[in-house]
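J.: For reference, TrEMBL lists these features for the protein:
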- B:11, B:12, B:13, B:14, B:15, B:16, B:17, B:18: ATP binding site (BINDING)
- B:5-226: domain 'CobQ/CobB/MinD/ParA nucleotide binding' (DOMAIN)
């Protein structure tokens, strides 16, 4: 039985429910992991091949290749950032983005 | 040169990953460049607790096997400056983790970070041994419960015999006790080992006591290290522990049971028990 003191204590700071966030996060991460179980991880190979293609045209530093992934429910985004060396005026990062629905 | 800290316990489910996430975040919040490594190959979870599970591309095994560079595998935390996560592999065989491979990773990280936290898997098998091998300091996470205290004692023995410092006969690994899931009310009722009992049995310096607290589940649900919940007692207890780790003298808090209900409450609103 709750006393009136407990009533004030429990209503002082209502917390947003977090269980739904847990369920949603699990559904996304598990969906991706279950696919991964039956199929080899293609990301290392994809990266190697992409870098090899770019290297055919420009001398690039393999250490300056950044790969970012954001797994989503309906769509994942893979962003591969390759820093291209070159004359100062045109130097900079060229960004190749591939959105992959998986 | 970075300090290597292992978060270990022997027993599973006592709060190693919760502690690793909270501690790494706390150190970074204090301006220390920190990287936290998940050593639980096959059962990674640090990524979930840190809330970066959607961003994992490469992992520690990819780096060891030369499929990715360390910099590509590190996930920079978007909430906390100076904090990075190196995930464990979820699909690879545990044997992919080699001592030479881990040595190379730790050496490379040492150049860029102040602290390297190693989140150990449970047990005393290969992953756990590798997590503690390079340690300069150890945070031993213990619940006030018989099996956890026994396993902590066991892991302390392993630290003293199987770490690199032990093998090279250097100064021993600095040990810190972190008692988690402590419930002062149950201690008062005589249902739970007292803090003093745990300290007496394990006899290593006490870094902190984290009370049993709802905020820990909430933090894991949302993928937010509990230390970021600054209102919660668990978050505050971790913050204190980080402060002590960095040399501050802070009194231990949250060790007392809830106040006894007053006369009014006992007469009109108290529980039957």
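Quick reminder: no glycine exception, Cβ is built from N, Cα and C everywhere.
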J.: At a 10 Å cut-off from the C-beta of residue B:12 (ATP binding site), count the other C-beta atoms across all protein chains.
T.: 13
J.: With every protein chain in view, how many other Cβ atoms are within 10 Å of the Cβ of residue B:17 (ATP binding site)?
T.: 25
J.: Please work out which residue of B:11, B:16 has the most C-beta neighbours within 10 angstroms of its C-beta, and give that one of the binding-site residues.
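T.: Answer by Cβ density within 10 Å: B:16.
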J.: For ATP, what surrounds B:11, B:12, B:13, B:14, B:15, B:16, B:17, B:18 with a Cβ no more than 8 Å from their Cβ centroid?
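T.: Other same-chain residues near the ATP site: B:9, B:19, B:122, B:141, B:180.
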J.: Ten-angstrom check, please: count other Cβ atoms within 10 Å of the Cβ of residue B:18 (ATP binding site), all chains counted.
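T.: There are 27 such Cβ atoms around residue B:18 (ATP binding site).
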J.: Inside 10 Å of the Cβ of residue B:14 (ATP binding site), count up the other Cβ atoms and send me the figure.
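T.: 25, counting other Cβ atoms within 10 Å of residue B:14 (ATP binding site).
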J.: What is the one among the binding-site residues B:13, B:15 whose Cβ has the most other Cβ atoms less than or equal to 10 Å away?
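T.: When each Cβ's neighbours within 10 Å are tallied, B:15 leads.
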J.: Quick check: in three-state DSSP terms, what is residue B:18 (ATP binding site)?
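T.: Once the DSSP labels are grouped into three classes, residue B:18 (ATP binding site) ends up as helix.
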